[in-house]
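Take a look at the structure set out below.
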Amino acid sequence: MPSFHPPRNSLTRLHQVRRPTSLQIRPFTSSTSDLSPSSFPNMSSRTTEQGKLKVSLRGPAILNNPRFNKGSAFSREERDRLGLRGRLPFAVDALDEQVERAYMQYKSRETNILRNSFLASMKSQNWTLYYALLSKYLIEMFPIVYTPTEADAISDYSHLFRRSEGLYLSPPEFDKMEEDFLDACEGRDLDLIVVSDGEAILGIGDQGSGGIGISSAKAVIYTLAAGVDPAKALAVTLDVGTNNEDLLKDDLYIGRQIHIGYREKRLRGDKYDEFVDKFVGLVKKHQPKCLLHFEDFGVTNAQRLLARYRDQHSVFNDDIQGTGAVTLAALQAAIAVTKTKLIDQRVIIYGSGSAGLGIARQLRDAIVLESSDEKKADSKKASSQFWLMDRHGLIKKSLEKNKVRDEVEDDFIRTEEEWGSGDEENGLLEVVKKVKPTVLIGTSTHTAAFTEEVVKEMSKHVDRPIIFPLSNPTKKCEAEQWTNGKALMATGSPFDPVDVPGKKKKYVVAECNNALIYPGLGLGAILSRSSQMTDSMIIAGSKRLAELAPAILKNDPDESLLPDFGDAPKVNFEVALSVIKAAQADKVAREEDIPKDEDGMRKWAEEKSWKAEYREYEYDPEGLR
């Protein structure tokens, strides 16, 4: 997602991410108006009565399998049964003891990239310990296993490469793609496939074969925040080349001596489409009930591929739909504070790449679906509430053709009747003066683009301006704060609470973090076995997330417009329940065992959640591998 330029006085960069608050949640059918705190089980502490797990691995084979390895936690009986006597220290540790030992080792690493490498090594050895450690220290470690540190690891992927971590598919092996896909999926009914072609990675651009890192990282977040079983998830990179000259000139770029990378310019056009189409066809054929998550595809392909496949399979693009969904949730919370409606908003989106266009489409679709009979909006009418801007200023019909990208839908392009027939570019201040927006969203990575003059001009025309500078990283954020505490804000990076003139209490700035919603959207699709990820499912998840905003739960406009990231597992579970109900209403849910009553559905969904807990093993030659 595009972030927030650190202001001189009123906003301070959050150097240590906020600690989680204790989120209390009512059942998911509650309306915004009657939500109030009540108890909710701690998902990380749930246990279930389970019998012994039959495995067909013994000795070094089980110690080298991260799915089943327990390290020093194997019991005496298991060591006898599985041929492990003498292969481990005599002491038997509990998982909690292993976690604390691992944490001490983690803290001994002096840099974040070394900590990232340590965690990657742990993941390749013991999944249960890895996820138990991350769950306990979620706030501290999330920036290490995801942005910003994972971006550094991906950019140096070829130099750090030790072992493969997913499925690599390249054009030279096009004819063997089905064989390779089946080999990667052998014996598994997958719930989740995360795929990237590595062209637009975490704000650092084209990373070629290193794209596997973002697919793997996203799958990790699905497990951490939504309890998706890591054994039922697969990370994939479509290694279709790179246009990154630094990589192509790097003698160590994976692909020269080791045939994983594809040392060529990016595949484009019909050959690219044929390659992607074959991959998606294999998913549909061999894993028809899994969720297919597209991640970090370039702007020329992201929306096009989503539109192409979303009616054929359960497909989701986080850069487009996840960014749009979490922004919609923050906006829904904001308009609940202002006591207005979506259909009444005038929205300027500054930055019209994948994220900006995704937000525009998501907000527009929500306007259409939630408009009342009194104020009914079709897609064209809803689109007229948006003014999109990019490096050429306002996107309008009178601009030269090469200044308006094909990805921008006609309904979003402003008319000559409004803005004249000339090719001159209209800047942000001019557009703000004419439009008098109620909402200003930044996805441009243009540092401090929301100047004092722009923000004060917006504040002249609306009592509580809604300003979302979402660009990441922090140094590329669009805004500072010149509204004397009137603005309702959400940012792409975490910030300290803001001093408000005349008030002792600080304003809590919401962090518009996709991880608050995309794992829950995905979990809802997975549990319902939905044939599609519909707009209604995404909007239902956004609405539920908005209901959980502290500003709404506490009826306090100075609280955050989104829950704290520390509550991500609980929040995503609630999102998933709402998505399941929407999938049923849309008649795309294929799971027949979903309980009809809400308490039953909640318990059923909890029991489906993977937990970082050790099972007792029994050897069986026909058991799991």
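Each residue, glycine too, has its Cβ placed from N, Cα and C.
Where the annotation comes from TrEMBL, it is an automatic prediction and has not been curated.
Annotated active site, proton donor per TrEMBL: Tyr146, in sequence order. The active site, proton acceptor annotation in TrEMBL covers Lys218. The divalent metal cation binding site annotation in TrEMBL covers Glu295, Asp296, Asp319. Annotation source TrEMBL lists (S)-malate binding site at Asn472, Asn513. The compositional bias 'Low complexity' annotation in TrEMBL covers 27-41. Among the features that TrEMBL reports, domain 'Malic enzyme N-terminal' is placed at 123-310. Here TrEMBL flags 320-584 as domain 'Malic enzyme NAD-binding'. Sequence annotations record features per position, and here TrEMBL assigns region 'Disordered' to 1-52.
Geometry remark: Asp296 (divalent metal cation binding site) versus the residue listed as 'active site, proton acceptor', CA distance 11 Å. Here Glu295 (divalent metal cation binding site) is compared against the recorded positions Tyr146, Lys218, Asn472, Asn513, and the shortest C-alpha distance is to Lys218. Put simply, Tyr146 is the one of the recorded positions Tyr146, Asp319, Asn472, Asn513 whose Cα lies nearest to the Cα of the residue listed as 'active site, proton acceptor'. Note: the Cα of Asp319 (divalent metal cation binding site) and the Cα of the residue listed as 'active site, proton donor' are spaced 15 Å from each other. Note on the domain 'Malic enzyme N-terminal' (123-310): its mean pLDDT in the predicted model is 91.
Rounded to a whole number, the C-alpha distance linking Tyr146 (active site, proton donor) with Asn513 ((S)-malate binding site) is 12 angstrom.
Taking the centroid of the Cβ atoms of Glu295, Asp296, Asp319 as the divalent metal cation site, the other same-chain residues with Cβ within 8 Å of it are Ser196, Ala200, Ile201, Ile214, Lys218, Phe294, Phe297, Ala302, Asn317, Asp318, Ser354.
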